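K.L.:
What follows is a single structure, and I will ask about it in a moment.
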Amino acid sequence: MSKAVKILLVNGPNLNLLGRREPGHYGHHTLAQIVEQLKLLAGEQGASLDHIQSNAEHELIDAIHQSDADFIIINPAAFTHTSVALRDALLGVAIPFIEVHLSNVHAREAFRHHSYFSDKAVGVICGLGEQGYRYALDSAIARVRAAQEK
């Protein structure tokens, strides 16, 4: 029997404002509501989900460094376009990850089109709202289970 799958969900700056910040781009649910639903979905699949949200880059880096997760789902938010340090943290721990964005970053301002993460991510999901997190969770669990069966 395969071991339980551990997922780390990392959310970057300003995502604590979900539900009130630009709901046209980011939706009406709070981050707490989204995370609660993801934890339930993970549990239904025999997986666990830990979560961190921070507006401080070093806190996200520390959480990644300390993680024993099998897979990371990350919405780096504004750090997408600026953080070599967060990229290096992900590469340093060598935990596979999926990059998620609630809005379609390619349909927004030009500065949002560049990501320091996309070229190293297993996959990138953007523009699908909170459903993107669910797709990432399903994919992460499936990928870990497939690797465990090898």
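Note that Cβ sites are derived from N, Cα and C of the backbone, with glycine treated the same way.
Okay, these came from Swiss-Prot:
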SITE      Arg21  site 'Transition state stabilizer'
ACT_SITE  Tyr26  active site, proton acceptor
BINDING   Asn75, His81, Asp88, Leu102, Ser103, Arg112  substrate binding site
ACT_SITE  His101  active site, proton donor
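For each feature listed, report its degree of burial, its nearest neighbours and the pertinent distances within the displayed model.
P.N.:
Counting every protein chain shown, the number of other Cβ atoms lying within 10 Å of the Cβ of Arg21 (site 'Transition state stabilizer') is 12.
Residue environment of His101 (active site, proton donor) contains 24 other Cβ atoms, counted within 10 Å of its Cβ in all protein chains.
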K.L.:
Among the binding-site residues Asn75, Ser103, which residue has the largest number of other Cβ atoms within 10 Å of its own Cβ?
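P.N.:
Answer returned by the neighbour count: Asn75.
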K.L.:
Filter the recorded positions Arg21, Asn75, His81, Asp88 down to those whose C-alpha lies within 10 angstroms of the C-alpha of His101 (active site, proton donor); answer none if the list is empty.
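P.N.:
Close recorded positions: Asn75.
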K.L.:
Applying a 10 Å Cβ distance cut-off over all chains shown, what neighbour count does Asp88 (substrate binding site) have?
P.N.:
13
